[in-house]
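Quick notes on the structure that follows.
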Amino acid sequence: MSEFEGYKIPPEHKAEFTPDEVNEMRRAFQAFDINGDGHIDAEELKSILDNLGERVSADSLSKMITEVDTDGNNTVEWNEFCTMMHNIRNGKGEAALGQVVKKAAKMFNVEGAGGATHTFSEDEKNAFTLHLNNCLGKDPDLAEKMPMDVESMALFDSCTDGLMLCKLINLAEEGSVDERALNKKKNMNVYQKTENQNLAINAARSIGCQVVNVGAADLIEGRPILVLGLLWQIIKLQLTSSISLKDCPELVLLLEDGEELDDLLKLSPEDILLRWFNYHLKQSGSSRRVNNFGSDLKDSECYSILLNQISKCGLVGAGDDKTKAAKVIANANGMGVESFIQPNDIVKGNKKLNLGFCAQIFNTNSGLTITEEELADFDFAGLDLDDAGDTREERIFRMWINSLNIEGLYINDLFGDLCDGVAILKVMDKVQPGIVAWKKVNMSPKNKFKRVENCNYAVTLAKQMKFSMVNIGGLDICDKNKKLILGIIWQLMRRHTINILTSLTPGDKLVEDKEIIAWANNQVQKSGKSTTIRNFNDASLSSGVFLLDLCSSVEPRAVDPAVVTNGAGPENQLNNARYAISVARKMGACVFLTPEDIVEVKSKMVLMFVASLWSCSLSM
(Lines of atoms letter the chains of each structure in order from A and count residues from 1; the text may use other names and numbers.)
(Lines give C-alpha, C1' and ligand atoms only; values in the text may rest on other atoms or scores of the structure.)
Protein backbone atom coordinates (compact mmCIF):
# COMPACT_ATOMS: atom_id res chain seq x y z
CA MET A 1 0.00 0.00 0.00
CA SER A 2 1.27 3.49 -0.80
CA GLU A 3 2.26 5.64 2.20
CA PHE A 4 -0.25 8.18 0.86
CA GLU A 5 -3.17 5.77 0.56
CA GLY A 6 -6.27 7.60 1.80
CA TYR A 7 -4.71 11.06 1.42
CA LYS A 8 -6.23 12.02 -1.94
CA ILE A 9 -6.39 15.72 -2.75
CA PRO A 10 -10.01 16.99 -2.80
CA PRO A 11 -11.21 17.55 -6.39
CA GLU A 12 -11.83 21.26 -5.83
CA HIS A 13 -8.14 21.81 -4.98
CA LYS A 14 -6.54 19.30 -7.33
CA ALA A 15 -5.67 21.73 -10.12
CA GLU A 16 -3.87 24.34 -8.02
CA PHE A 17 -1.16 22.15 -6.44
CA THR A 18 1.65 20.40 -8.29
CA PRO A 19 2.27 16.68 -7.54
CA ASP A 20 5.37 17.62 -5.52
CA GLU A 21 3.41 20.16 -3.50
CA VAL A 22 0.69 17.62 -2.81
CA ASN A 23 3.27 15.13 -1.60
CA GLU A 24 4.78 17.76 0.70
CA MET A 25 1.31 18.52 2.08
CA ARG A 26 0.72 14.82 2.72
CA ARG A 27 4.06 14.48 4.46
CA ALA A 28 3.33 17.54 6.61
CA PHE A 29 -0.08 16.16 7.59
CA GLN A 30 1.42 12.76 8.49
CA ALA A 31 4.15 14.42 10.54
CA PHE A 32 1.50 16.27 12.57
CA ASP A 33 -0.75 13.20 12.83
CA ILE A 34 1.58 11.48 15.30
CA ASN A 35 -0.63 8.48 16.10
CA GLY A 36 -1.61 7.98 12.45
CA ASP A 37 -5.37 8.01 13.03
CA GLY A 38 -6.08 10.49 10.23
CA HIS A 39 -6.80 13.43 12.56
CA ILE A 40 -4.64 16.18 14.07
CA ASP A 41 -5.77 16.79 17.64
CA ALA A 42 -4.65 19.33 20.24
CA GLU A 43 -2.20 16.94 21.91
CA GLU A 44 -0.49 16.17 18.61
CA LEU A 45 -0.34 19.85 17.70
CA LYS A 46 1.20 20.60 21.10
CA SER A 47 3.90 17.95 20.57
CA ILE A 48 4.81 19.48 17.20
CA LEU A 49 4.92 22.99 18.67
CA ASP A 50 7.06 21.84 21.60
CA ASN A 51 9.55 20.34 19.18
CA LEU A 52 9.51 23.55 17.12
CA GLY A 53 10.47 25.40 20.31
CA GLU A 54 7.07 27.11 20.61
CA ARG A 55 5.06 27.20 23.85
CA VAL A 56 1.36 27.96 23.51
CA SER A 57 -1.60 27.83 25.87
CA ALA A 58 -4.41 25.28 25.70
CA ASP A 59 -6.75 28.07 24.57
CA SER A 60 -4.44 28.94 21.69
CA LEU A 61 -4.21 25.30 20.64
CA SER A 62 -7.98 25.02 20.66
CA LYS A 63 -8.34 28.19 18.58
CA MET A 64 -5.84 26.94 16.01
CA ILE A 65 -7.93 23.84 15.46
CA THR A 66 -11.31 25.61 15.61
CA GLU A 67 -10.22 28.02 12.86
CA VAL A 68 -9.98 25.19 10.34
CA ASP A 69 -12.30 22.56 11.86
CA THR A 70 -15.37 22.70 9.62
CA ASP A 71 -17.18 19.63 10.99
CA GLY A 72 -16.84 20.59 14.66
CA ASN A 73 -15.17 17.39 15.91
CA ASN A 74 -12.26 19.30 17.52
CA THR A 75 -9.69 17.77 15.17
CA VAL A 76 -8.27 18.63 11.75
CA GLU A 77 -8.84 16.03 9.05
CA TRP A 78 -7.06 15.75 5.70
CA ASN A 79 -9.75 17.59 3.70
CA GLU A 80 -9.78 20.43 6.21
CA PHE A 81 -6.00 20.58 6.10
CA CYS A 82 -6.13 20.91 2.29
CA THR A 83 -8.73 23.69 2.51
CA MET A 84 -6.54 25.55 4.99
CA MET A 85 -3.54 25.35 2.62
CA HIS A 86 -5.75 26.48 -0.27
CA ASN A 87 -6.93 29.52 1.69
CA ILE A 88 -3.42 30.48 2.68
CA ARG A 89 -2.19 30.17 -0.91
CA ASN A 90 -5.03 32.35 -2.18
CA GLY A 91 -4.72 34.99 0.51
CA LYS A 92 -8.07 34.16 2.06
CA GLY A 93 -6.72 33.59 5.52
CA GLU A 94 -3.57 33.14 7.60
CA ALA A 95 -4.81 30.53 10.04
CA ALA A 96 -2.54 30.12 13.07
CA LEU A 97 -2.21 26.42 12.32
CA GLY A 98 -1.16 27.35 8.79
CA GLN A 99 1.67 29.43 10.22
CA VAL A 100 2.87 26.42 12.19
CA VAL A 101 2.74 24.33 9.00
CA LYS A 102 4.72 27.01 7.18
CA LYS A 103 7.38 26.88 9.87
CA ALA A 104 7.44 23.10 9.75
CA ALA A 105 7.71 23.28 5.95
CA LYS A 106 11.17 24.75 6.40
CA MET A 107 12.19 21.45 7.90
CA PHE A 108 13.65 18.38 6.24
CA ASN A 109 11.61 15.29 5.32
CA VAL A 110 12.94 11.75 5.53
CA GLU A 111 11.47 8.30 5.24
CA GLY A 112 11.76 6.38 8.49
CA ALA A 113 11.07 2.83 9.61
CA GLY A 114 8.11 1.16 7.94
CA GLY A 115 7.91 3.83 5.24
CA ALA A 116 6.63 6.46 7.70
CA THR A 117 7.64 10.02 6.90
CA HIS A 118 8.99 12.25 9.64
CA THR A 119 9.72 15.96 9.67
CA PHE A 120 12.65 17.53 11.47
CA SER A 121 15.18 20.35 11.31
CA GLU A 122 18.20 19.26 9.31
CA ASP A 123 20.22 22.10 10.84
CA GLU A 124 19.47 20.87 14.35
CA LYS A 125 20.14 17.25 13.38
CA ASN A 126 23.57 18.25 12.06
CA ALA A 127 24.32 20.41 15.10
CA PHE A 128 23.34 17.74 17.64
CA THR A 129 25.34 15.12 15.74
CA LEU A 130 28.42 17.33 15.88
CA HIS A 131 27.86 18.03 19.58
CA LEU A 132 27.59 14.32 20.41
CA ASN A 133 30.73 13.62 18.38
CA ASN A 134 32.52 16.28 20.43
CA CYS A 135 31.20 15.09 23.81
CA LEU A 136 31.07 11.31 23.42
CA GLY A 137 33.49 10.62 20.58
CA LYS A 138 36.06 9.01 22.85
CA ASP A 139 33.65 6.84 24.86
CA PRO A 140 34.80 3.22 24.36
CA ASP A 141 31.22 1.90 24.60
CA LEU A 142 30.31 4.01 21.56
CA ALA A 143 33.45 3.33 19.53
CA GLU A 144 31.58 1.58 16.73
CA LYS A 145 29.17 4.50 16.34
CA MET A 146 31.65 7.35 16.53
CA PRO A 147 32.25 9.67 14.88
CA MET A 148 28.83 9.95 13.26
CA ASP A 149 28.58 11.43 9.78
CA VAL A 150 27.04 14.86 10.36
CA GLU A 151 25.35 14.93 6.96
CA SER A 152 23.80 11.45 7.27
CA MET A 153 20.96 10.01 9.33
CA ALA A 154 23.43 8.19 11.60
CA LEU A 155 22.24 10.13 14.66
CA PHE A 156 18.86 8.41 14.66
CA ASP A 157 20.32 4.94 14.11
CA SER A 158 22.85 5.55 16.89
CA CYS A 159 20.13 6.47 19.38
CA THR A 160 17.90 3.43 18.79
CA ASP A 161 19.47 1.29 21.53
CA GLY A 162 19.34 4.02 24.19
CA LEU A 163 23.02 3.77 25.09
CA MET A 164 24.02 7.14 23.65
CA LEU A 165 21.05 8.90 25.26
CA CYS A 166 21.97 7.53 28.69
CA LYS A 167 25.59 8.58 28.23
CA LEU A 168 24.47 12.10 27.31
CA ILE A 169 22.18 12.27 30.36
CA ASN A 170 25.17 11.51 32.57
CA LEU A 171 27.01 14.43 31.00
CA ALA A 172 24.04 16.65 31.80
CA GLU A 173 23.76 15.38 35.38
CA GLU A 174 26.58 13.16 36.61
CA GLY A 175 25.42 9.89 38.13
CA SER A 176 21.86 10.06 36.82
CA VAL A 177 22.33 6.68 35.15
CA ASP A 178 24.24 3.83 36.80
CA GLU A 179 26.02 2.36 33.80
CA ARG A 180 26.01 -1.07 35.45
CA ALA A 181 22.29 -1.14 34.66
CA LEU A 182 22.87 -0.49 30.95
CA ASN A 183 22.81 -3.09 28.21
CA LYS A 184 25.95 -2.51 26.15
CA LYS A 185 26.40 -5.47 23.85
CA LYS A 186 26.56 -4.92 20.09
CA ASN A 187 23.43 -6.63 18.84
CA MET A 188 20.74 -5.93 21.42
CA ASN A 189 17.31 -7.49 21.21
CA VAL A 190 14.14 -5.41 21.56
CA TYR A 191 13.84 -6.16 25.29
CA GLN A 192 17.36 -4.87 25.98
CA LYS A 193 16.82 -1.76 23.86
CA THR A 194 13.53 -1.13 25.64
CA GLU A 195 15.26 -1.33 29.03
CA ASN A 196 17.86 1.22 27.95
CA GLN A 197 15.24 3.55 26.49
CA ASN A 198 13.05 3.30 29.61
CA LEU A 199 16.11 4.20 31.66
CA ALA A 200 16.88 7.15 29.37
CA ILE A 201 13.31 8.48 29.50
CA ASN A 202 12.92 8.16 33.27
CA ALA A 203 16.41 9.48 34.01
CA ALA A 204 15.68 12.43 31.71
CA ARG A 205 12.53 13.17 33.71
CA SER A 206 14.54 12.99 36.92
CA ILE A 207 16.82 15.82 35.77
CA GLY A 208 14.01 18.13 34.63
CA CYS A 209 13.16 17.10 31.06
CA GLN A 210 9.49 17.23 30.13
CA VAL A 211 9.04 13.98 28.22
CA VAL A 212 5.56 13.89 26.71
CA ASN A 213 4.16 11.37 24.23
CA VAL A 214 7.54 9.67 23.92
CA GLY A 215 7.90 5.97 24.67
CA ALA A 216 10.68 3.45 24.33
CA ALA A 217 9.19 2.15 21.07
CA ASP A 218 9.31 5.64 19.51
CA LEU A 219 13.01 5.96 20.29
CA ILE A 220 13.80 2.43 19.13
CA GLU A 221 12.02 3.23 15.87
CA GLY A 222 14.20 6.35 15.63
CA ARG A 223 11.34 8.81 15.09
CA PRO A 224 13.38 11.93 14.24
CA ILE A 225 11.19 14.67 15.66
CA LEU A 226 10.87 12.84 19.00
CA VAL A 227 14.57 11.92 19.17
CA LEU A 228 15.61 15.50 18.42
CA GLY A 229 13.10 16.89 20.91
CA LEU A 230 14.49 14.73 23.71
CA LEU A 231 18.09 15.33 22.67
CA TRP A 232 17.60 19.08 22.75
CA GLN A 233 16.16 19.03 26.26
CA ILE A 234 19.11 16.99 27.52
CA ILE A 235 21.69 19.11 25.68
CA LYS A 236 20.10 22.31 26.97
CA LEU A 237 20.31 21.01 30.54
CA GLN A 238 23.90 19.90 29.95
CA LEU A 239 24.89 23.37 28.75
CA THR A 240 22.89 25.44 31.25
CA SER A 241 23.06 23.40 34.48
CA SER A 242 26.02 25.40 35.83
CA ILE A 243 24.43 28.78 35.09
CA SER A 244 23.43 29.32 38.70
CA LEU A 245 24.46 31.28 41.76
CA LYS A 246 25.82 28.16 43.40
CA ASP A 247 28.21 27.41 40.54
CA CYS A 248 28.86 31.00 39.52
CA PRO A 249 28.49 33.48 42.41
CA GLU A 250 29.76 36.20 40.07
CA LEU A 251 26.22 36.30 38.70
CA VAL A 252 25.45 38.80 41.48
CA LEU A 253 26.83 41.38 39.05
CA LEU A 254 23.64 40.92 37.01
CA LEU A 255 21.34 42.12 39.79
CA GLU A 256 19.28 45.12 38.74
CA ASP A 257 18.34 48.06 40.93
CA GLY A 258 16.06 47.04 43.79
CA GLU A 259 16.63 43.31 43.31
CA GLU A 260 17.89 40.78 45.86
CA LEU A 261 19.62 37.43 45.47
CA ASP A 262 16.26 35.66 45.67
CA ASP A 263 15.25 37.43 42.47
CA LEU A 264 18.15 35.84 40.60
CA LEU A 265 17.16 32.40 41.86
CA LYS A 266 13.76 32.78 40.21
CA LEU A 267 15.27 33.37 36.77
CA SER A 268 15.60 30.55 34.27
CA PRO A 269 19.07 29.89 32.81
CA GLU A 270 17.81 31.40 29.54
CA ASP A 271 16.84 34.65 31.27
CA ILE A 272 20.17 34.75 33.11
CA LEU A 273 22.02 34.29 29.80
CA LEU A 274 20.16 37.23 28.26
CA ARG A 275 21.01 39.40 31.28
CA TRP A 276 24.64 38.30 31.07
CA PHE A 277 24.77 39.09 27.35
CA ASN A 278 23.29 42.56 27.90
CA TYR A 279 25.59 43.19 30.87
CA HIS A 280 28.58 42.83 28.57
CA LEU A 281 26.95 44.89 25.82
CA LYS A 282 26.39 47.67 28.35
CA GLN A 283 29.95 47.38 29.71
CA SER A 284 31.28 47.74 26.18
CA GLY A 285 29.44 51.03 25.74
CA SER A 286 27.18 49.63 23.01
CA SER A 287 23.56 50.75 22.77
CA ARG A 288 22.53 47.34 21.40
CA ARG A 289 20.56 44.96 23.61
CA VAL A 290 19.48 41.34 23.11
CA ASN A 291 15.90 40.36 23.98
CA ASN A 292 15.83 36.92 22.38
CA PHE A 293 18.02 34.18 20.94
CA GLY A 294 16.59 34.58 17.45
CA SER A 295 16.22 37.75 15.38
CA ASP A 296 18.37 39.93 17.66
CA LEU A 297 21.43 37.82 16.84
CA LYS A 298 21.00 37.39 13.08
CA ASP A 299 23.51 40.10 12.08
CA SER A 300 26.21 38.79 14.51
CA GLU A 301 26.95 42.34 15.71
CA CYS A 302 26.00 41.60 19.31
CA TYR A 303 28.00 38.37 19.28
CA SER A 304 30.99 40.31 17.99
CA ILE A 305 30.76 42.86 20.80
CA LEU A 306 30.25 40.14 23.44
CA LEU A 307 33.28 38.09 22.41
CA ASN A 308 35.51 41.16 22.11
CA GLN A 309 34.41 42.33 25.56
CA ILE A 310 35.25 38.92 27.06
CA SER A 311 38.42 37.93 25.18
CA LYS A 312 39.62 41.06 23.36
CA CYS A 313 39.54 39.16 20.07
CA GLY A 314 38.56 42.22 18.05
CA LEU A 315 35.30 43.01 16.28
CA VAL A 316 34.44 40.98 13.20
CA GLY A 317 34.27 44.02 10.91
CA ALA A 318 32.33 44.47 7.70
CA GLY A 319 30.82 41.77 5.51
CA ASP A 320 27.55 40.03 4.82
CA ASP A 321 25.73 38.36 7.69
CA LYS A 322 27.03 34.87 6.87
CA THR A 323 30.64 36.06 6.71
CA LYS A 324 30.30 37.85 10.04
CA ALA A 325 28.68 34.79 11.62
CA ALA A 326 31.58 32.61 10.45
CA LYS A 327 34.06 35.06 12.01
CA VAL A 328 32.10 35.06 15.29
CA ILE A 329 32.21 31.26 15.46
CA ALA A 330 35.95 31.29 14.66
CA ASN A 331 36.57 33.82 17.46
CA ALA A 332 34.57 31.70 19.90
CA ASN A 333 36.50 28.59 18.89
CA GLY A 334 39.70 30.56 19.41
CA MET A 335 38.81 31.12 23.07
CA GLY A 336 38.14 27.39 23.56
CA VAL A 337 34.43 27.09 22.77
CA GLU A 338 33.70 23.68 21.20
CA SER A 339 30.76 25.02 19.21
CA PHE A 340 28.27 23.09 17.12
CA ILE A 341 26.45 26.06 15.60
CA GLN A 342 26.99 26.95 11.93
CA PRO A 343 26.98 30.42 10.29
CA ASN A 344 23.61 29.76 8.64
CA ASP A 345 22.08 28.92 12.03
CA ILE A 346 22.99 32.39 13.30
CA VAL A 347 21.79 34.10 10.13
CA LYS A 348 18.48 32.20 10.29
CA GLY A 349 18.02 33.12 13.96
CA ASN A 350 17.78 29.51 15.20
CA LYS A 351 16.76 30.02 18.83
CA LYS A 352 17.83 26.62 20.11
CA LEU A 353 21.28 26.66 18.55
CA ASN A 354 21.90 30.29 19.52
CA LEU A 355 20.93 29.51 23.10
CA GLY A 356 23.34 26.57 23.08
CA PHE A 357 26.13 28.74 21.62
CA CYS A 358 25.60 31.46 24.24
CA ALA A 359 25.70 28.86 27.01
CA GLN A 360 28.93 27.42 25.62
CA ILE A 361 30.52 30.87 25.58
CA PHE A 362 29.37 31.50 29.16
CA ASN A 363 30.69 28.13 30.35
CA THR A 364 34.07 28.71 28.68
CA ASN A 365 34.56 32.27 29.90
CA SER A 366 31.74 34.24 31.50
CA GLY A 367 33.87 37.36 31.67
CA LEU A 368 32.39 38.11 35.10
CA THR A 369 34.93 39.04 37.76
CA ILE A 370 34.31 40.07 41.34
CA THR A 371 36.54 40.26 44.40
CA GLU A 372 36.04 38.29 47.63
CA GLU A 373 35.44 41.59 49.41
CA GLU A 374 32.67 42.53 46.99
CA LEU A 375 31.07 39.08 47.31
CA ALA A 376 31.06 39.43 51.08
CA ASP A 377 28.51 42.23 50.74
CA PHE A 378 25.89 39.70 49.61
CA ASP A 379 23.94 37.45 51.99
CA PHE A 380 24.61 34.03 50.45
CA ALA A 381 24.16 32.36 53.85
CA GLY A 382 20.44 33.15 53.80
CA LEU A 383 20.02 31.19 50.54
CA ASP A 384 21.20 27.82 51.95
CA LEU A 385 23.01 27.11 48.67
CA ASP A 386 25.15 24.48 50.37
CA ASP A 387 22.47 22.91 52.57
CA ALA A 388 22.70 19.39 51.09
CA GLY A 389 19.56 18.03 52.75
CA ASP A 390 17.17 20.82 51.85
CA THR A 391 18.70 21.31 48.43
CA ARG A 392 18.34 17.60 47.65
CA GLU A 393 14.69 17.48 48.66
CA GLU A 394 13.88 20.78 46.94
CA ARG A 395 15.49 19.57 43.73
CA ILE A 396 13.62 16.24 43.74
CA PHE A 397 10.26 17.94 44.24
CA ARG A 398 11.11 20.53 41.59
CA MET A 399 12.01 17.81 39.06
CA TRP A 400 8.81 15.93 39.91
CA ILE A 401 6.65 19.01 39.30
CA ASN A 402 8.41 19.70 36.01
CA SER A 403 7.88 16.09 34.91
CA LEU A 404 4.10 16.62 35.17
CA ASN A 405 4.27 18.85 32.09
CA ILE A 406 1.75 21.33 33.45
CA GLU A 407 0.85 23.98 30.89
CA GLY A 408 2.83 27.18 31.35
CA LEU A 409 4.68 25.89 34.41
CA TYR A 410 8.38 25.14 34.77
CA ILE A 411 9.88 25.49 38.24
CA ASN A 412 13.38 26.95 38.57
CA ASP A 413 13.20 27.83 42.27
CA LEU A 414 10.69 25.80 44.27
CA PHE A 415 10.16 28.27 47.09
CA GLY A 416 10.28 31.43 44.97
CA ASP A 417 8.11 30.10 42.16
CA LEU A 418 5.39 28.80 44.51
CA CYS A 419 5.10 31.87 46.73
CA ASP A 420 2.33 33.57 44.73
CA GLY A 421 0.07 30.51 45.07
CA VAL A 422 -0.62 30.09 41.34
CA ALA A 423 1.94 27.35 40.70
CA ILE A 424 0.97 25.25 43.71
CA LEU A 425 -2.69 25.50 42.67
CA LYS A 426 -1.76 24.26 39.19
CA VAL A 427 0.01 21.26 40.76
CA MET A 428 -3.03 20.54 42.94
CA ASP A 429 -5.30 20.64 39.88
CA LYS A 430 -2.98 18.22 38.09
CA VAL A 431 -2.97 15.81 41.04
CA GLN A 432 -6.73 16.06 41.57
CA PRO A 433 -8.27 17.40 38.35
CA GLY A 434 -11.11 19.87 38.87
CA ILE A 435 -10.37 20.64 42.50
CA VAL A 436 -9.40 24.26 41.76
CA ALA A 437 -12.13 26.78 40.99
CA TRP A 438 -10.00 29.04 38.79
CA LYS A 439 -12.42 31.95 39.05
CA LYS A 440 -11.30 32.28 42.66
CA VAL A 441 -7.62 32.53 41.72
CA ASN A 442 -5.65 35.73 41.14
CA MET A 443 -3.68 34.54 38.10
CA SER A 444 -1.34 37.56 38.09
CA PRO A 445 -1.26 38.76 41.70
CA LYS A 446 0.12 42.29 41.84
CA ASN A 447 0.60 42.60 45.58
CA LYS A 448 1.19 40.51 48.68
CA PHE A 449 -2.48 40.58 49.66
CA LYS A 450 -3.45 38.86 46.40
CA ARG A 451 -0.60 36.37 46.76
CA VAL A 452 -1.63 35.46 50.29
CA GLU A 453 -5.23 35.12 49.10
CA ASN A 454 -4.09 32.51 46.56
CA CYS A 455 -1.97 30.72 49.14
CA ASN A 456 -4.85 30.64 51.63
CA TYR A 457 -6.99 29.03 48.95
CA ALA A 458 -4.23 26.43 48.38
CA VAL A 459 -4.25 25.63 52.11
CA THR A 460 -8.05 25.26 52.05
CA LEU A 461 -7.82 22.80 49.16
CA ALA A 462 -5.00 20.89 50.86
CA LYS A 463 -7.25 20.37 53.88
CA GLN A 464 -10.02 19.29 51.52
CA MET A 465 -7.59 16.69 50.15
CA LYS A 466 -7.11 15.47 53.76
CA PHE A 467 -3.49 16.61 53.93
CA SER A 468 -1.81 17.23 57.27
CA MET A 469 -1.84 21.04 57.52
CA VAL A 470 -1.37 21.67 61.24
CA ASN A 471 -0.15 25.20 61.88
CA ILE A 472 0.24 25.93 58.16
CA GLY A 473 -1.31 29.08 56.69
CA GLY A 474 -1.20 30.79 53.33
CA LEU A 475 1.26 33.33 54.70
CA ASP A 476 3.80 30.51 55.24
CA ILE A 477 3.76 29.69 51.52
CA CYS A 478 3.89 33.36 50.54
CA ASP A 479 6.83 33.95 52.91
CA LYS A 480 8.68 30.92 51.44
CA ASN A 481 8.71 28.84 54.62
CA LYS A 482 10.86 26.02 53.27
CA LYS A 483 9.97 23.29 55.74
CA LEU A 484 6.23 23.82 55.37
CA ILE A 485 6.34 24.11 51.57
CA LEU A 486 8.38 20.90 51.32
CA GLY A 487 5.77 19.22 53.51
CA ILE A 488 2.90 20.26 51.24
CA ILE A 489 4.70 19.25 48.02
CA TRP A 490 5.63 15.90 49.51
CA GLN A 491 1.96 15.21 50.25
CA LEU A 492 1.03 16.20 46.69
CA MET A 493 3.71 13.93 45.26
CA ARG A 494 2.54 11.08 47.46
CA ARG A 495 -1.11 11.58 46.51
CA HIS A 496 -0.23 11.67 42.81
CA THR A 497 1.67 8.39 43.07
CA ILE A 498 -1.03 6.75 45.16
CA ASN A 499 -3.70 7.93 42.72
CA ILE A 500 -1.88 6.20 39.86
CA LEU A 501 -1.46 3.04 41.92
CA THR A 502 -5.10 3.07 43.04
CA SER A 503 -6.28 3.39 39.43
CA LEU A 504 -4.46 0.15 38.63
CA THR A 505 -5.79 -1.87 41.58
CA PRO A 506 -9.34 -3.11 42.36
CA GLY A 507 -11.66 -0.77 44.22
CA ASP A 508 -11.76 3.00 44.62
CA LYS A 509 -10.23 3.32 48.08
CA LEU A 510 -6.82 4.96 48.11
CA VAL A 511 -4.03 2.43 48.64
CA GLU A 512 -2.49 2.73 52.12
CA ASP A 513 1.11 2.39 53.27
CA LYS A 514 0.49 -0.97 54.95
CA GLU A 515 -0.85 -2.40 51.69
CA ILE A 516 2.26 -1.26 49.82
CA ILE A 517 4.50 -2.89 52.44
CA ALA A 518 2.44 -6.10 52.30
CA TRP A 519 2.69 -6.20 48.51
CA ALA A 520 6.46 -5.68 48.59
CA ASN A 521 7.07 -8.38 51.20
CA ASN A 522 4.76 -10.84 49.46
CA GLN A 523 6.38 -10.13 46.08
CA VAL A 524 9.89 -10.78 47.41
CA GLN A 525 8.77 -13.88 49.30
CA LYS A 526 7.18 -15.36 46.16
CA SER A 527 10.49 -15.00 44.36
CA GLY A 528 12.21 -17.17 46.95
CA LYS A 529 14.12 -14.39 48.75
CA SER A 530 14.09 -14.06 52.54
CA THR A 531 14.46 -10.29 52.95
CA THR A 532 11.52 -8.40 54.49
CA ILE A 533 10.74 -4.94 55.90
CA ARG A 534 8.51 -3.94 58.82
CA ASN A 535 7.86 -0.40 57.59
CA PHE A 536 9.46 2.31 55.48
CA ASN A 537 11.70 3.30 58.38
CA ASP A 538 13.21 -0.19 58.58
CA ALA A 539 16.96 0.24 59.04
CA SER A 540 17.66 -2.77 56.80
CA LEU A 541 16.52 -0.70 53.80
CA SER A 542 19.82 1.21 53.95
CA SER A 543 21.67 -1.73 52.40
CA GLY A 544 19.61 -1.52 49.21
CA VAL A 545 19.34 -5.32 49.13
CA PHE A 546 15.59 -5.49 49.77
CA LEU A 547 14.84 -2.97 47.04
CA LEU A 548 16.97 -4.91 44.56
CA ASP A 549 15.28 -8.15 45.60
CA LEU A 550 11.95 -6.43 44.97
CA CYS A 551 13.06 -5.29 41.51
CA SER A 552 14.25 -8.79 40.71
CA SER A 553 10.97 -10.31 41.88
CA VAL A 554 9.05 -8.09 39.44
CA GLU A 555 11.43 -8.65 36.52
CA PRO A 556 14.28 -11.15 37.13
CA ARG A 557 16.10 -10.16 33.93
CA ALA A 558 16.49 -6.55 35.11
CA VAL A 559 18.94 -7.27 37.94
CA ASP A 560 22.44 -8.66 37.48
CA PRO A 561 23.19 -10.63 40.70
CA ALA A 562 26.92 -10.17 40.13
CA VAL A 563 26.51 -6.42 40.63
CA VAL A 564 24.59 -6.64 43.93
CA THR A 565 26.63 -6.49 47.14
CA ASN A 566 25.63 -7.51 50.66
CA GLY A 567 25.26 -3.83 51.54
CA ALA A 568 27.86 -3.91 54.29
CA GLY A 569 29.49 -0.54 54.74
CA PRO A 570 28.73 2.91 53.29
CA GLU A 571 30.32 2.28 49.88
CA ASN A 572 28.41 -0.93 49.25
CA GLN A 573 25.19 0.68 50.42
CA LEU A 574 25.59 3.58 48.01
CA ASN A 575 26.49 1.27 45.14
CA ASN A 576 23.38 -0.85 45.72
CA ALA A 577 21.20 2.24 46.04
CA ARG A 578 22.51 3.72 42.78
CA TYR A 579 21.96 0.45 41.00
CA ALA A 580 18.44 -0.02 42.41
CA ILE A 581 17.30 3.39 41.15
CA SER A 582 18.57 2.76 37.62
CA VAL A 583 17.15 -0.77 37.59
CA ALA A 584 13.72 0.53 38.61
CA ARG A 585 13.86 3.17 35.89
CA LYS A 586 14.83 0.71 33.18
CA MET A 587 11.88 -1.45 34.24
CA GLY A 588 9.67 1.55 33.49
CA ALA A 589 9.21 3.00 37.00
CA CYS A 590 9.41 6.78 37.15
CA VAL A 591 11.12 7.29 40.51
CA PHE A 592 12.32 10.54 42.06
CA LEU A 593 14.91 10.01 44.78
CA THR A 594 18.67 9.93 45.29
CA PRO A 595 20.92 7.07 46.44
CA GLU A 596 21.46 8.98 49.66
CA ASP A 597 17.71 8.88 50.36
CA ILE A 598 17.89 5.08 50.37
CA VAL A 599 21.07 4.85 52.44
CA GLU A 600 19.69 7.33 54.98
CA VAL A 601 16.30 5.53 54.89
CA LYS A 602 14.26 8.61 54.06
CA SER A 603 10.95 6.84 54.57
CA LYS A 604 8.81 9.04 52.34
CA MET A 605 11.20 8.68 49.42
CA VAL A 606 11.47 4.92 49.86
CA LEU A 607 7.67 4.75 49.98
CA MET A 608 7.52 6.52 46.60
CA PHE A 609 10.08 4.09 45.16
CA VAL A 610 8.12 0.99 46.21
CA ALA A 611 4.73 2.44 45.21
CA SER A 612 6.07 3.39 41.78
CA LEU A 613 7.51 -0.09 41.33
CA TRP A 614 4.12 -1.64 42.20
CA SER A 615 2.42 0.62 39.63
CA CYS A 616 5.04 -0.39 37.10
CA SER A 617 4.48 -4.10 37.78
CA LEU A 618 0.75 -3.70 37.14
CA SER A 619 1.43 -2.04 33.79
CA MET A 620 3.94 -4.58 32.49
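Start at 1 and count along the chain as shown; that gives each residue its number.
Glycine residues also receive a Cβ, built from the backbone N, Cα and C atoms like all the rest.
No curator has checked TrEMBL annotations; they are predicted automatically.
Annotation source TrEMBL lists domain 'EF-hand' at 20-55 (among others).
Here TrEMBL flags 56-91 (among others) as domain 'EF-hand'.
Among the features that TrEMBL reports, domain 'Calponin-homology (CH)' is placed at 122-239 (among others).
The domain 'Calponin-homology (CH)' feature in TrEMBL is assigned to 267-366 (among others).
Marked as domain 'Calponin-homology (CH)' by TrEMBL: 391-497 (among others). Taken as a whole, the domain 'Calponin-homology (CH)' (391-497) shows an average pLDDT of 93 in this prediction.
Look at TrEMBL and you will find 510-618 (among others) tagged as domain 'Calponin-homology (CH)'.
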What is the number of residues in the domain 'Calponin-homology (CH)' (267-366) that are helix, strand and coil, as DSSP sees it?
-> 63 helix, 0 strand, 37 coil
For the domain 'EF-hand' (56-91), give the DSSP counts of helix residues, strand residues and coil residues.
-> 23 helix, 2 strand, 11 coil
